[in-house]
Structure formats: structure tokens, C-alpha cells
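Chemist: For reference, the structure I am asking about is given below.
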């Protein structure tokens, strides 16, 4: 006897008695129609009369498709489904026509129905991906590809502008993306992208190679994802950095965008442009890696160097070298000896080897990635596995659901998740959307392609307040505020211009009013809102009050006391939080301690007097430990140098007045 369901029901994991009794079922052989309740009654009757034949609701309606139906022992009218990982709950279904929108691919990964825009498109994959985009990336040591697909290398280690809007957009928002490279080692002559800085909608985000990110945007699989409402997306990981920009009028055309990533005018022969607008023309869309070519490129790219970068000191950073300085120092390397190490990437061209599934990336993309791998493996021994990881990321990002379960074992690039996190398991294609402390329930649908990484074991969720993120028990999570930010247990923070103090305890946020102490104001320290002592003041030992700060230099012959300038000598940019110097003022008489016999002249009114004082301070520093030297420089030298600037400014003003007075004399 064959049964067919006339009215398909929408089952939510477990069938109830009413929904089951009301369902109509027909017998294909006799054509008669029955209710599910009638059939269940027959099943009960049969089961009561026969100990050998036992039927359940799972035998009657078969609701679990490709999964396993498990009847409820206590109620024969109820059941649940156990679904394979490539099907979705509650009925173990696969993708169907219409599951996703236009220009989107559908697949199921770890029971999550996933819609992903096809390569080259962005948008909402549920309703349709209609907007095309361009992408510019830097990977390895480092190799760059512009929005118009120009390939080149650059090794400079100073901060530089990677991409920004150079023509005022009419509707989209301005953005600026900066980056900095770092040498692999002190003896190395090649570098990699080690940190980035992103400015969007007046907010500045800085991410270093340890993925320290105090304003959490999104972190998954060892990467940081930043995206704004205009669909400008930045992906950053150590040795891998990409910027994705939609092809809209505001960002398209010659000169609309500028920097290392070039513009989007469809011409790959004019992408290398200096800050002043000079163009390095080329008859190919790719530049060589020889020293002469790198030096020629550097003359244009070095002009995009910037000093506005978190923690960067142009005058004291010895690691900052222009590409034109590093390029001639790069020794020649015989890449023929390392070509075999990158053979698995080349094999993808033929659809064989551990990366066979990545053949759809295309010949041009695979060949360039292969050449870059050979170069990196030659100059940086042991870089092979790191570059293979970059290749896998590229493959999965563009092609969607691409499991590559054997690539690590076949290339001897093993990865132990248990060493990284004892409560996680390795997956070559895990869901991008995982259970986190902020969102502890795993979503049934996800709109991101799968990624390689370590997935939390059952019963654990991802704690993104840690770096790197860790798998913890759900009950060990911290608190989630109204903005969706997660705060660890026991952590306290200020908000609303330092007028509220909140703390996370017992999974709840406890808030009370707060006021900064005297001689302090609300500011930002290490990306957290804090009360900051005014200039000339410092916290006391208990960090309760701001007290006057003084600097003292002592020797057997001389003693000098300087009082730190008061608060009005310092102001901050409200948007960036960075200090901005005010116009120089006339130097003031230093405050002298009553028991200190001053040096003549102690007022430091002249350039000569200051230089004498500065020389004395430098001599005294030689007798201090490195830690004491560092503190002395902060507490004394910076203050003294500020006075010196005022002295020079005052002398310059006097000279200008003297010149004007001379010009006004009658001839």
C-alpha cells in the first residue's frame, strides 16, 4: 500500500496531535482518502495485536526527506528529524528554485541555508544581487592588485594611503583607507601588510597584525570585516588585505579614487599615479619584480606616505623606510628552486590536486597567485603554508561552498584547533555565521560563504571580546549592551560623555551616574571612554584625583624644577581624539622649589639658555635605567621642547616686528 500526502504541512520540528489528525492522506492503490487520525488509530490497533509489527507516524507520513525520523516514545503522534549537515532543519531539505535571489548561489553548510552573491556582485542575496563591484588586494610580501587589475609589488614600510575618495561624492560617503607594511625580520628585505587604518563616516578604526580591534565590527576565522552602508568593505588578516568598492558613479571614472589601489576607469595601464597626479604609464597590466622596476614604482608610490597613522612618529620611527630605499637592497633569488613548493596551486589550472575545486577561479587569477607564491617562498622560507591559506580564502570567498578537506594534509600544512582552542574542531568549510555570546542561537540562514577555521564544539559559543576569539560555555558569557557590544564579566566602562559608569556582573549590566574628578575631562584612552587629567596634572597613586605634575632633574651640582604647562596649552580634535598644539605663547617663568638653588639664567628665555639646559638633561639621562630614561623623556624633555618651540617662535616674532619697523621708516 502506497500513501501520498494531499496537503503538505509545515512541520516545526515536532508534529502535534491536532495537526496530525486533520491531515488528509490518500491511498495510491485504492484512491480512498483518510485522515491522519484514522490511520494512527489503525496503527495503534495493529500494534496492540501484533508484537512483531510496530508502526509509527514516521512510517505513515515520512516527513524528514533525506534525514532520519525519530518518533516520540511517549506520544505516537509526535516526531523529530535528525538531518545530515548538507540539509536544513526542521525537515532536512536542500536548496530549491527560489531559495535565493537573482545572481546568488544557494548551498547548505552545517544545516544552514546559505545564499551568496555570485562573483562580482553585491546586494541582498535573498532578494537579488544587482550591484557589481571591484576589489583591490594586497597579499604576501606584499603583492598588490588594483581595482583595474594592475599587478605590482612594493616593499616600503612607512604608513601610506591605500585608497580614498579623491573626488567629492554626490551621494556616497567619503572614505580613507591607510596601511603599513612590516619587514618579516630585521634581516629581511621584503615586507607584508601589518596594520590598517579605516576612516568612514567620521569614525577611525585601527587594526594591527594581532587583530586588536577595540570597536568590534566582525571577526571570523582570524579575519576582521569592516563594511559601511555604501557597501565599501575591508577584509584584513595578517599578510592579507582587500578593499571592495561598488561600481557606482561616485566611485567610478578617472581620479574618483586614488592611492595604491588606483581608480576605477577601466584602464589598467594608468593605475600607478603619484600624489601630485603624475602617471607611470605602462604597456602591460603587470609590473616585474626586479630591483629596477621596484625602484621606479617606488618613486610614485612613496608619495602616498602619510604621518597621520596611530602610534606613528615620523621623526623617531627607525623602521620607516621608503620603497625607493629598500628596493635596491633586495637580493636576487632563484625562484626555480621554490617553484615545486607552490605546485599545488598550479595544479588547480587542470582541476587536479588538493585545490582542484578552485579551478573556477580562472586561469589569470590562478597563474598570478602561483607566481606570487613562488616569489614569497623564495624570499621567506616557510611562507608556503601561509600563501596556501591565502589561496584557500580567495577560493572560498569567490566560489562559495568549497570544502577542501585534504589540502592541509596533502601539503604538510597541518593545523591543530585543539592547540588554538581546546573546545573547537577544525573544519575546512565551516559556516561564517556561528553562535556567539551576542547571538547565542545559531541562525538557520546565513548570507556569507563558508570559511576555513576552528568551529566551537557543541554547547560552546564564540566569545568575541577575547583576541583571538575563544569558545566558552554560554553561561560564561559577559553582557550585551543596547548597541550589541559585548562586555566581559567583571568589566566596567564609562559612557554618555563619562556621565554613566556601567559594570557587567551576573550576566547583567549595572549602571550608575558618574562625574569626572576636578582637573580632568572626558576623553578616549586606548579606544575606551575615560576621564583624562588636564595638561599639567596626573593621577594620584589610587587614580582617584588629578594632582599637579612637576618634573625634577637633580645632580650633585645642579637642580632644576619645571612645572608642566597648564591645561590651556593642550587641546584635542573631538573627532579623532588626537592632540593638537595651540598657537605658541610667550614662555613663562618656571616655578622654583623653595629649597632649590636655581641655575642662572633659569628662566630659559633665550635659545642659548635652553640648549645649555637640554645638554645638562641629556647628560643626566645617561645615568638612569632604560625605564627611568623613558619616563624622564615623557615627563621632562617633551615639556622642555615645548618651551623651546615657544622661544623660537618668540624670537621669530621679534625679528618680524623689527623688519616691519625697519620697512616703515621714512626713506
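Numbers here mean position along the shown chain, with the first residue as 1.
Note: Cβ is positioned from N, Cα and C throughout, glycine not excepted.
Sharing the record's features from TrEMBL:
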type	residues	note
SIGNAL	1-17	signal peptide
DOMAIN	60-93	domain 'EGF-like'
DISULFID	83-92	disulfide bond
DOMAIN	134-314	domain 'VWFD'
REGION	567-594	region 'Disordered'
COMPBIAS	578-591	compositional bias 'Basic and acidic residues'
Chemist: Take the domain 'EGF-like' (60-93) and count its residues per DSSP category (helix H/G/I, strand E/B, coil), listing them in that order.
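Modeler: With helix first, then strand, then coil, the domain 'EGF-like' (60-93) has 2 helix, 10 strand, 22 coil.
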Chemist: Specify the count of other C-beta atoms within 10 Å of the C-beta of residue 83 (disulfide bond).
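Modeler: Other Cβ atoms within 10 Å of residue 83 (disulfide bond): 19.
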Chemist: Other than its own, how many Cβ atoms are within 10 Å of the Cβ belonging to residue 92 (disulfide bond)?
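Modeler: So the Cβ neighbour count for residue 92 (disulfide bond) comes to 21.
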